[in-house]
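A.B. asks: The compositional bias 'Low complexity' annotation in TrEMBL covers 45-55. Look at TrEMBL and you will find 30-55 tagged as region 'Disordered'. Sequence annotations record features per position, and here TrEMBL assigns transmembrane segment to 110-131, 186-203, 209-227, 247-270, 320-340, 352-374, 527-547, 577-596, 608-624, 726-745, 782-802, 933-953 (among others).
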Amino acid sequence: MLFDESSLSRHPSHRAYISSSMSVPSFPTFSGGTRGENPNPLRLSPSSSASSSSVSRLHTTPSFAYNARISLALVPAAAFLLDLGGAPVSVVLTVGLMIAYILDSLRLKSAAFFAVWFSLIAAQLAFFASASSSLASSSSVSSLPLAAIALFLCAEITFLIGLWASLQFRWIQIESPSILGTLERLLFACIPVAVPPIFTWSVVSALGIVNAAYYFMAFACMSYWIFSLPRTSSFRSKHEPSTDSQILGPLESCLHTLFLLFAPLLFRIASHHSNLFSFSSFCDLLLLFFIPFLFQLYASTRGALWWVSKNELQIRRIRVMNGAVAMVVVVICLEVRVVFHSFSRYVHAPPPLNYLVVTVTMLGGALSVGAYALGMVNDALSSAAFTTVAVFISGAGALVIGFPLLFIPLPLISGFYLARFFTKRSLPSYFAFVTLAGLMVLWFVVHNFWDLNIWMGGMDLKSFCKFIVASAILAMAVPGLVLFPPKLCFLTELALIGYTLLLCYIEDRFFNYTSIYYFGFEDDVIYPSYMVLTTTILGFALIRRLAVDHRVGPKSQWILTCLYTSKLTMLFISSKSILWVSAVLLLAVSPPLLLYRDRLKGASKMKSWQGYAHACVVAVTGWFCRDAIFEALQWWNGMPPSDGLLLGSYILLTGIACIPIVALHFSHAQQAKRILVLVVAMGLLLIHLQPPIPLSQAFRSDLISAARQSSDDYSIYGFVVSRPSWPSWLLIATILLTLAALTDIIPIKYIVELRTFYAVGAGITLGIYVCAEYFFQAVIFYLLLVTIIICASVFIVFTYFPSSSSTRILPWVFALMVALLPVSYLMEGQIRAMSPNEDNEANTFGTLLAIEGERMSLLGLYAMLFMLISLEIKFELATLMREKVFERGVIPSQSSHNTSFQSKSRLMQQRRASTAPAFTIKRLAAEASWMPAIGNLSTILCFIICLIISMSLSGGSNLAIFYLSPILLLLNQDSDILASFGDRQRYFPVTLSISVFLLLNAIYKMWEEVWHGNTGWGLEIGGLGWFFAVKNAALLILTLPNHILFNRFMWDYAKQTDSMLLLTMPLNLPSIIITDIFTIRVLGFLGVIYSLVQYLISRSTRMAGMKYI
């Protein structure tokens, strides 16, 4: 029996020391490492004497400190260029970066560096090649310079990405620290000039070129603020003078200023040169110059004009005088382009007076704000002037909007209290201003919108007026509440949460309920998507600022972050309830990330009951939000999802939402990790297999039921033929049982009886699934297939977790599985032949095709089972070798490690001594000597079956052998047939099988052409049969020397003379050039490749040996 004695209990740590070199051939000399590596761990390197200096340089060399800033500019630009270049650029870049990653993992640092640059260059060439077609198709000569500029910008972005990648290589910082400052300076000098055009290009491609100059101006200002302000270099000493340690010099700062001021202006002139001579266009030009000019003057408060003068008084004088002039121009232009262009209906002053009053209001307000921002309101006289101007501006603004003269004191008093708040810091004055300003807002909304009979956003305009007034009052109250003492910060939090809720409700109505039934505005966009994005970004900035200043607590910050994040879902999913559903889901999912964030480093992590509570809240919330999941899946698939897909998505989202709970707070709880793996796997399986759900009505809501019962489903989606899908539940059960066994939820590792039941049960469920899904035959054939899979399951399970008697029984189990192969193969045909539907020739032909297909499926099943057995035996043999090394107390691969490894080894030996089972490793090695032979037999059978399937499906393709020959890497050294086969010869079967298969295939092709009765070959090939046979046979013989030499070399790695390789390699050229059979041409190419590979391996081996000597 398999469970009559104690079982083998291997400690998991034994498997952790399996060497990766077990699968790599050991050459007869030492491998030459890269610079700074020691090729022999038992021999001290000559460079070890300088290790202390290299380590000190490694720790003292500074790293690049501005990766976050650079990523803000280059990552979106690179994403846009990838989208613009399409699949060729993405493929070239992916392959190049994978090569660079492999080289870096092999510690070939210089090669990885050049691989990154070559991949970027190749991607740029692919971009040029894909763009050349559009350039060639453009018939307008005037568009060629613009296309050339665009290609130059793309190349410059690629160059900047290469510079940024170069700064990430640590060896450059150690070996060539002098160039780091230059690379950093190039980045900061070029990004403010190159990135704004790329960003403008991307926005124009989505929104049009009407306002492109203003987009350009905004991106230029952002780039200037991020990169052009004075910043200390990452690679210069802090003891240097401040001007010498800055990244940019006076020349770069001057050029950036000129670009900021004139680039948007020139872009506007170039793009709208046909209508420049209108007054509104002239105002646009003035705005595009003076708004960046004002921004530059404000940036001078952070040192932006350091290159002009170092005298702070002179800089202040420049700032005040030029700022006043620029403010006047900007205000006048805004009056023309904004106030009188879009809001003239709300200006109630008569025409001669309205221009004066609006100018006084806007200009006075702008000058007052500027004076206060520059700190000019600092004494009694300036405070009185500021208060007077504020009162005067408030009265003028009230006259502009048509405020009744009887109530003019209200705006005057509100302006006075606002000025008093800024000058005296009086909170009662601010709230008096809020009260009076709220009354004015209420009057304005009621006076202009209350009587309009408009139904918009699913509700009447009066309701919107109420919400807008309430949100305006809360927005005005928040700045005053922020200044309250910390004990009253909950008032600020309540006001912010209330304002955010109102904002979300208003934007949800404006954005998702877009119907306006008034004067034919049904198709107009009420609330554009960029407004949602803008308010979200501003909300995140406000939350971050208040959190940094400790004005809001972590709970309110968590709620506000979830609410603002949920607004973004409206941009992707067109569901009317998606905002609130996503907000609830985020509130349920995000506490482990946001609410407990400040306590993650301490000892007070989430308690157990809190973890269970959060997991239950996540599950319940996801259940109640299943309608949103249904709508999202329907939006993604274009049709209503099945019940299995819906349930699987719910389970998967629940599992993913619980990952932060387990990863951040219960990383020590192995049981929680195992359950989480099962939950995620269950969701993925339900999504992929979509099995039928008998109780599907239990989670169907009215929305889901209505979508299922739609009368036009067949007319839209067509008729879908349904097939029985209940066997998928068996596959799900098998996979989940296997995961539970591997994660020790089911303790099959320690209980042999449970192990037996698991192996048999998994074999039965998987066998029934295979029979019901892929084979449709008699019950006796079902019994054979289930028996085969049970045998394979028992063999695999008890090979991985052996018991005391399993080593004697498993060879018989494998023999039974192999013996059932011809029985089931022949029985499948007999069952088909005995079927009563063989009346005519058509049925007979169909039966033969069905028999062939079923037999190929059976062979494919056996190939898969033999592959699994070979892989497991290979892994087990490597584990046994490792454990024998541990028993001897010698670990060659770890001999150069530090002393901490010795303590680990002693600890593992103590554990082995304390938990050693009765069935020891020596006994396993003595009684399981059959494992290498069975592994080799399984590998050979798998290879042969795969060849048979390939010959049946592809007709003997030459390419198939290159995919199938790596199966022979699973061969092992045994005591009978492959006694002299070792790790050095592991690639010999691969190369030998390729050569032999191609040789036999070429002979078969010749026989088929000459003796198979093909009468048309003479016209197609050009010769008689004997001539064709002799010629191609001779060419085939010419390809054999290189194959023989290389296969012999792969067996013993004995060096051949260079003259021998030089003499045999040209013999392949006639076979490549003049042969009539493609297989012989492949053999010729392969012979040339074999010769070159043999020469390179011999040369590298010789060089490595000479270096060692």
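Including glycine, each Cβ sits where the backbone N, Cα and C put it.
From a predicted model like this one, the values you see are computed outputs, not experimental measurements.
In terms of burial and nearby residues, how do these features look in this structure?
C.D. replies: Sequence-remote contacts of a segment are chain residues at least 6 beyond its ends whose Cβ falls under 8 Å from one of its Cβ atoms, and for the transmembrane segment (110-131) they are 34-35, 81, 84-86, 88-89, 92-93, 95-97, 99-101, 103-104, 147, 151, 154-155, 158, 161-162, 165-166, 169, 171-172.
Within its own chain, the transmembrane segment (209-227) is flanked in space by residues 69, 72-73, 188, 191-192, 195-197, 199-200, 203, 256, 259-260, 263-265, 267-268, 271-272, 284, 288, 291-292, 295-296, 299, 304, which lie at least six positions past its ends and keep a Cβ under 8 Å from the stretch.
Long-range contacts of the transmembrane segment (247-270) within the same chain: residues 184-185, 188-189, 192-193, 196, 200, 212-214, 216-217, 220-221, 224, 227-228, 230-233, 276, 284-285, 288-289, 292-293, 295-296, 304, 306-307, each at least 6 residues beyond the stretch ends and with a Cβ under 8 Å from a Cβ of the stretch.
Within the chain, the transmembrane segment (320-340) has long-range Cβ neighbours (under 8 A, six or more residues past its boundaries) at 279-280, 283-284, 286-287, 290-291, 293-294, 297, 347, 355, 358-359, 362-363, 366-367, 370, 374, 376.
For the transmembrane segment (527-547), same-chain residues at least 6 beyond its ends with a Cβ under 8 Å from one of its own Cβ atoms are 207, 482, 492, 496, 500, 503, 507, 510-511, 514, 557, 560-561, 564-565, 567-568, 570-571.
Counting same-chain residues at least six beyond the ends of the transmembrane segment (608-624), those with a Cβ under 8 angstroms from any Cβ of the stretch are 584-585, 587-589, 591-592, 650, 653-654, 657-658, 661, 665-666, 672, 699.
With a threshold of 8 Å between CB atoms, the same-chain residues lying at least 6 positions outside the transmembrane segment (782-802) that come near it are 2, 7-8, 748-749, 755-756, 758-760, 762-764, 766-768, 770-771, 775, 810, 813-814, 816-817, 820-821, 823-824, 827, 861-862, 865, 868-869, 872-873, 876, 919, 924, 928, 931.
Within the chain, the transmembrane segment (933-953) has long-range Cβ neighbours (under 8 A, six or more residues past its boundaries) at 811, 814, 818, 852, 856, 859-860, 862-863, 866-867, 869-870, 873-874, 877, 960-961, 964-965, 967-968, 970-972, 974-978, 993, 997.
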A.B. asks: Near the transmembrane segment (577-596), which residues from the same chain, at least 6 beyond its ends, have a CB less than 8 A from one of its CBs?
C.D. replies: 504, 507-508, 512, 554-555, 557-559, 561-563, 565-567, 569-570, 605-606, 614, 617-618, 621-622, 624-625, 627-628, 631-632, 657, 660-661, 664-665
